Every structure is written in structure tokens, then in C-alpha cells.
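Q: Annotations for this protein, taken from TrEMBL, read as follows:
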type	residues	note
REGION	25-122	region 'Disordered'
COMPBIAS	32-49	compositional bias 'Basic and acidic residues'
COMPBIAS	60-69	compositional bias 'Gly residues'
COMPBIAS	80-89	compositional bias 'Basic and acidic residues'
TRANSMEM	159-186	transmembrane segment
DOMAIN	161-728	domain 'Major facilitator superfamily (MFS) profile'
TRANSMEM	198-216	transmembrane segment
TRANSMEM	228-249	transmembrane segment
TRANSMEM	255-274	transmembrane segment
TRANSMEM	286-308	transmembrane segment
TRANSMEM	328-347	transmembrane segment
TRANSMEM	440-460	transmembrane segment
TRANSMEM	586-609	transmembrane segment
TRANSMEM	616-636	transmembrane segment
TRANSMEM	642-664	transmembrane segment
TRANSMEM	676-698	transmembrane segment
TRANSMEM	704-722	transmembrane segment
Amino acid sequence: MEDGYQNKTAFIKGAKDIAKEVKRQAAKKVGRGVDKMTDEYSKRSYARFEEDDDDDYPGVPGGQDGGYYRGDSQAANDDEGGHSDSTEGHDEDDEIYEGEYQGIPRTDSGKAADGLAGGDGQQFRDMAQLEGERRKDQEELAQQYETILQECGHGKFQWTLYFVLGLALMADGVEIFVVGFVLPSAEKDMCLSEESKGMLGLIVYLGMMVGAFVWGGLADRIGRRQSLLICLSINSVFSFFSSFVQGYSTFLFCRLLSGVGIGGSIPIVFSYYSEFLAQEKRGEHLSWLCMFWMIGGIYASAMAWAIIPHYGWSFQMGSAYQFHSWRVFVLVCAFPSVAAIASLTTMPESPRFFLENGKHDEGWMILKQVHDTNMRAKGHPEKVFSVTTIKTVKQMDELVDMGGEISTLRRYKLKLTSLFQQVRSNFLAIFNPEYRRTTFMMMAVWFTMSFSYYGLTVWFPDMIKYIQKQEYASRTKFFTKERVEHVTFNFTLENQVHRQGQYFNDKFINLKMKSMVFEDSVFEECYFEDITSSRSFFRNCTFVSTLFYNTDFFQNRIINSKLVNSTFLHNKEGCLLDFTDDNNAYMIYFVSFLGTLAVLPGNIVSALLMDKIGRLRMLAGSSVISCVSCFFLSFGSTESGMIALLCLFGGISIASWNALDVLTVELYPSDKRTTAFGFLNALCKLAAVLGISIFQSFVGITKAVPILFAAGALAAGSFLALKLPETRGQVLQ
């Protein structure tokens with residue numbers, strides 16, 4: 001009898017398992033509509049079995065009958081019931097179905113969207129319905145969020161965030177100038193060829209291009225604050241390392257990664273700050289924020305002016321390790337980024353980001369913090385944050401929790417894959433029909449603005465240096481067939497050309513040679529000691545019984561010359577700094593300082609008028625005036641004239657950039673804002689690389705081509721800007 005009862009138990013369990021398997025398979029093929037049918041089938045099968053159990057298993061007591069085995073059978077039934085309940089609960093809710101380990105949501109889960117299990121057509125309909133619901137939620141959230149920001153007011157919290165994010169924007173401005181300022185010194189310190197110098201000048205733009213695209217996409221998925229902290233940390237670390245590394249390749253690598261880090265600052269900073277600003281304050285205060293980019297340029301120019309020409313601020317350990325003043329400058333330029341990181345840790349995440357991602361409580365707490373901070377600062381601490389519920393956007397689950405069934409490495413791999421897919425889909429979404437025209441128009445405007453602005457701002461200093469070289473060359477002194485005997489030279493020799501000279505028993509001791517050229521000359525029984533030279537050469541010369549002691553006359557300084565009984569002792573090793581451009585270096589820093597400071601009036605005007613005349617009028621008007629100003633470049637034939645034109649162009653064009661930044665923030669919804677801004681900013685850096693490369697190739701050749709290129713690009717940009725939608729007075733999408 002006991003064996004019979006066990007057989008009955010096994011049979012019942014088997015029947016239940018079969019019924020559940022039928023239910024699961026039916027749900028996969030037909031959908032949730034079959035659940036009731038399979039439940040009824042299971043109940044009826046079990047009932048029929050219970051009715052027939054006395055006949056099938058004679059001698060086994062059923063249901064409520066008492067008997068000999070009541071105690072044991074009750075225990076057995078309890079155990080079986082516990083096991084069955086556990087199994088049933090696991091089958092219905094917890095069991096991992098085929099594909100769940102790949103991160104695909106269960107088709108029978110009610111958490112995402114009911115009815116996703118019913119075929120491909122039904123899935124597409126449900127996804128479209130869910131997307132429509134999300135869009136409706138986003139529209140409702142945008143309206144409610146604007147009302148909440150009005151209640152929170154504009155005060156201490158926004159101004160605190162203004163200075164914190166300003167430091168991050170300042171770090172971006174510094175990064176643009178660093179390589180240009182250190183290049184004249186670094187090229188001598190690292191023995192750089194012309195090709196290497198060109199790569200070093202462009203590598204920062206390439207890094208920023210990659211960084212803008214990557215961090216812009218990630219900020220829409222992992223948060224503005226977290227992304228900004230990561231990219232600033234990368235910039236700080238590799239800026240610090242770049243000041244100490246000795247080799248050219250490692251320095252190039254560090255500056256590349258430093259650029260990748262800082263590349264995300266502009267798209268994240270503007271998106272982040274805009275989500276704390278009410279409609280009537282947004283254009284003005286985003287324009288005020290742009291001033292920190294100018295402050296970054298001023299900081300870099302001032303530090304370069306104060307540090308780099310001081311060659312005494314250096315030390316070296318033999319010839320293997322050298323730490324010159326330009327490396328001190330690179331180190332100091334990392335300070336704004338470090339300060340931004342320290343300040344940003346005290347600020348919260350964007351509440352709009354939380355609400356867009358379904359995190360109601362987190363978003364509400366931050367908005368309450370904004371409200372309370374502003375009210376206390378205004379002397380109204382008794383005012384209570386009246387908002388109790390905020391609309392959140394319906395979420396589409398991208399990854400199902402795997403429990404403990406897979407390894408940690410596998411879990412992180414799946415999460416990274418899912419994150420990549422989310423960023424990719426978000427990027428492709430800005431080319432959907434709804435945003436396609438806007439995106440292509442913005443691409444054209446960003447490209448033309450960047451091509452002309454960066455091309456001209458680099459062309460100006462190059463033209464100034466070209467003019468300086470022309471003036472310097474015009475003051476060169478020429479000496480021919482001179483004969484010098486028994487003379488000691490212990491003073492600086494500069495900007496001279498000696499041809500067919502004869503020098504007998506002369507001494508050159510403890511001096512600097514700057515731009516000295518000796519051609520077809522003879523040096524007999526001469527003595528050179530403690531010589532530092534720059535741009536000085538001996539061509540087709542003959543040295544007889546001449547001693548060189550502690551000089552830097554390398555093979556590239558003595559060209560096609562004969563050495564007869566001549567000796568080199570204790571030659572200076574490695575590449576040395578060029579001392580020729582002491583005054584020129586000061587002039588370059590001063591010009592950059594003036595050019596950066598000249599944008600101050602444009603920043604003030606754009607901030608005051610942005611919300612009054614609108615973004616499009618500001619953008620198009622400033623572009624047209626900048627286009628007209630380009631034609632004045634043909635009159636810049638002197639150094640002072642070129643500096644004045646540089647300041648004029650920079651002061652006018654900055655208003656276009658401010659309007660373009662505000663417009664980009666407001667044209668895209670919150671869940672795509674930094675992705676779109678990052679992509680457009682990456683395109684901007686690509687245009688900058690092209691503009692710099694093209695404009696530099698015409699330095700000293702012609703002014704007409706750069707002027708026509710710049711004017712044409714600005715004219716096209718201003719025309720296309722007028723085709724964009726005006727965003728003044730609209731709530732933040």
C-alpha cells in the first residue's frame with residue numbers, strides 16, 4: 001500500500017509538471033490568452049485523477065479519510081505541497097527562459113508591456129504604443145518640470161552650480177591653448193621634426209573629437225554629473241603625466257587622452273546647467289557660462305607669459321631627464337580641471353535626468369534641495385516645496401536581472417553590451433524623421449562656424465609670426481671677405497651672415513649665437529667654448545686645428561664642412577631650448593591674451609540680448625558681421641594691424657558660438673540632448689582640424705584664399721541658421 005501511495009504521489013507530480021510545460025509552451029506561441037485554458041486543463045486533469053484514485057489505487061485512503069497512514073500521509077502531503085508550491089512559484093516568476101541569459105526581457109513578463117509575447121507584429125505594435133506613451137510622458141514632464149523650476153526660483157543654488165561648471169568649461173579653454181604655447185619649447189626639448197610638430201598641434205583636437213562623441217552619448221545613459229566627473233578625472237590624470245614624460249610618443253599619447261577626457265566637458269556642462277534653469281533665464285545664463293571659456297584662455301595666456309620664458313625654473317638629471325619651465329606650465333594648466341572635480345563632488349545629479357529615467361524620488365529630493373537652498377538664501381526659509389508628485393517617463397527595460405546564475409565577469413560584459421546598444425540607438429535616434437532635418441542643418445552650421453573660426457584664429461598668429469620673421473630678416477647684417485685675427489668674442493652674436501671670411505687664432509667663449517650663419521669661411525687655430533646656439537649654421541666651411549669644448553655644434557649645425565685636426569670635447573647632449581624667441585614668445589602670449597580678452601564685449605552683449613532678440617537672430621546676425629569683418633583682413637599688413645583684426649573677429653564671432661550652444665541645448669529632448677550636442681561638438685573639432693590644416697598652408701603665400709574660405713563658410717552658416725526653428729520662450733524638451 002505504501003508503494004502504491006508513493007506511485008500516486010509521483011504520478012500527481014508528473015501530471016502537474018506536464019500541465020505546466022504545456023502552459024509554458026503555449027504561452028510562448030500564442031500569448032497570455034491561453035493561460036486560462038491551460039489552467040482549466042490542469043485543474044480538470046487533477047480532479048479527474050482524484051476522482052479515480054480509489055479505483056486506480058485500491059487500499060490507499062483518499063482526501064479526508066482517516067486511517068492508519070494519516071500521520072505519515074499528512075507529512076508526505078505537506079512535504080509534497082511545499083515542494084510543489086516552490087516549484088510552481090519558480091516556474092511562473094523566477095525561471096530563466098531561453099534567451100534571458102542574453103539580456104532579452106521575458107515575453108510573459110508584465111513589467112514592460114502587456115502583450116509582447118504575441119508574435120512579431122504584436123511586438124512591433126506594442127513597442128510603438130510604448131514609445132508613444134513615453135513621448136506623451138516626456139511632454140507632460142517638460143511642462144510640469146518648467147512649473148517646478150518656476151517655483152524653485154533662480155538663486156544661490158544656480159549660481160553655485162554656475163561657478164562649479166564654469167571651472168569645467170575653463171579647463172576646456174585651457175586645453176585648447178596648452179600645446180600651442182609649449183610647442184616652441186617642446187620641439188627643441190624633444191628634437192621634433194616638422195611632421196611631429198604638426199601632429200602634436202592637431203592631436204588635442206582629435207582627442208577632443210573622440211571625447212565629445214563618447215562622453216556625450218554616455219551622459220544620456222549614466223548621468224551628467226557622473227560622466228563629467230569621469231572625463232575631468234581622465235583629463236587631470238593625463239595632463240599631470242604629460243608634464244613629466246620625456247619621450248615624444250608618450251607625451252603625444254598623454255595629450256591625446258587628456259583631450260579625450262576634456263572633450264566631454266562642453267556638451268555635458270551646457271546640458272547639465274540648462275536642466276536647472278527656468279525658461280526666462282536659460283538663454284542669458286547659458287551665455288554667461290560661456291565666459292568661463294574666455295577665462296580659461298586668459299588663464300593659459302597669463303600662465304604661459306609668467307612661466308615659460310623663465311628657463312631657470314627647471315632642473316635636469318644628466319641628459320636623460322629634463323624638466324624645463326614649459327613642463328611647469330603644463331602642470332599648472334591641470335589645476336582648473338582638478339578644482340572642477342573637487343567642486344563637482346558637492347553638487348547633485350540633474351533631476352531631469354532622474355525623472356527621464358523613472359527615478360521619481362531621487363529627482364524630487366534634488367528639486368526640493370534646489371527650492372530650499374534658494375528660499376533660505378532669499379530669506380524665506382518658511383516656504384515649503386509644494387510639489388508632491390512629478391511625472392516620470394515610462395521605461396523600456398534593456399536588461400533583465402540575471403540573479404546568480406552567471407559569473408560576475410559575464411554580468412558586466414552583458415551590462416556593457418547593453419549600454420553600448422543604448423548609446424548607439426540613442427545616437428541613431430537623432431537621425432529619425434522627427435529630428436533628421438534639424439540634425440543635418442545643425443551639422444552644417446557647426447561645421448561652417450568651426451572651419452572658419454578655428455582656421456582664422458590659428459592663421460592670425462601664424463601670420464603675425466611670419467610678419468615678425470620678415471621684419472627680423474630685414475635687419476640682418478651681412479659681412480663678406482672679412483679677416484679676423486687674435487680676437488676674443490664673449491658677447492652675444494645675433495642675426496648676422498658672414499661669407500668668405502678668414503678667422504685665425506680667434507676665441508669664442510661663453511656666448512650665445514642667435515641666427516648666425518657662416519658660409520665658405522675658414523677657421524684656423526680657433527677655440528670654441530661654452531657655446532649655446534640657435535638657428536646658427538656653418539655651411540661649406542673649413543676648420544683647421546680647431547677645438548670645440550662644451551658646445552652644441554652637432555652635425556646638423558656644421559653642414560658640408562671640412563674638419564682638419566679638429567677636436568670636439570664634452571659636447572652638450574640632447575636637444576636644447578631655443579633662446580632666439582624670448583621677445584617673440586612674450587608677444588605670442590600677449591597676442592593670445594588680447595585675442596581672448598576681446599571676446600568679453602561679445603559675451604556681455606549676447607548674454608543681455610539672447611532672450612530678447614532670440615537665438616536665431618543672434619546667431620545669423622553675428623555670423624554676417626563676422627563674414628564682413630573677414631574682408632578687412634586684406635588690409636592687415638603690419639603686426640599691430642593683424643592683432644587689431646584678430647580682436648575684432650573674436651569679439652564678434654563669440655556671440656555666434658553662444659547662440660549656437662543655447663540653440664543646440666534647446667532643440668533636442670533631454671534623453672538625447674548630450675548625445676546630439678556631443679556629436680555636433682565632435683564634428684566641430686573635425687572641422688577645426690581641416691580648417692587649421694588648410695589655412696596654415698597659405699601662410700606667407702596669399703591672404704585671398706583664407707579670406708574667401710572663411711567668408712564663404714560664415715555666409716553659408718548664417719543662411720542655414722535662419723532655416724532652424726526658434727526656441728526662445730519654449731520649455732526645455
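Each Cβ is built from the backbone N, Cα and C atoms, and glycine gets one as well.
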Q: Verify whether three or more Cβ pairs under 8 angstroms connect the transmembrane segment (328-347) with the transmembrane segment (642-664), leaving out any pair fewer than 6 apart in sequence.
A: no
Q: Between the transmembrane segment (704-722) and the stretches 228-249, 255-274, 616-636, 676-698, work out which stretch tops the count of Cβ pairs under 8 Å.
A: 616-636
Q: Using a Cβ-Cβ cut-off of under 8 Å, list the residues of the same chain that are 6+ residues beyond the ends of the transmembrane segment (159-186) and lie near it.
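A: Same-chain contacts beyond the flanks: 192, 197, 200-201, 203-204, 208, 228, 232, 235, 239, 251, 255, 258-259, 262, 265-266, 268-269, 272-273, 276, 285, 288-297, 299-301, 304, 308, 324-326, 329-330, 333, 336-337, 339-340, 343-344, 346-347, 458, 461, 577-578, 581, 585, 588-589, 592.
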Q: Per the definition of 3+ C-beta pairs under 8 A with sequence separation of 6 or more, do the transmembrane segment (328-347) and the transmembrane segment (616-636) touch?
A: no
Q: Which of 198-216, 616-636, 676-698 shares the most C-beta pairs under 8 angstroms with the transmembrane segment (255-274)?
A: 198-216
Q: Can you name the far-off residues of the same chain, 6+ from the ends of the transmembrane segment (198-216), with a Cβ under 8 Å from a Cβ of it?
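A: For the transmembrane segment (198-216), the far contacts come to 175-176, 178-180, 183, 186, 192, 227-228, 230-231, 248, 251-252, 255-264, 266-268, 674-679, 681-682, 684-686, 688-689, 692-693.
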Q: Taking a Cβ cut-off under 8 Å, which residues six or more beyond the ends of the transmembrane segment (228-249) line up next to it in the same chain?
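A: Sequence-distant neighbours of the transmembrane segment (228-249): 168, 171, 175, 178, 190-192, 196, 200, 211, 215, 219, 255, 257-265, 268-269, 272, 320-323, 327-328, 330-331, 333-334, 337-338, 340-341, 344-345.
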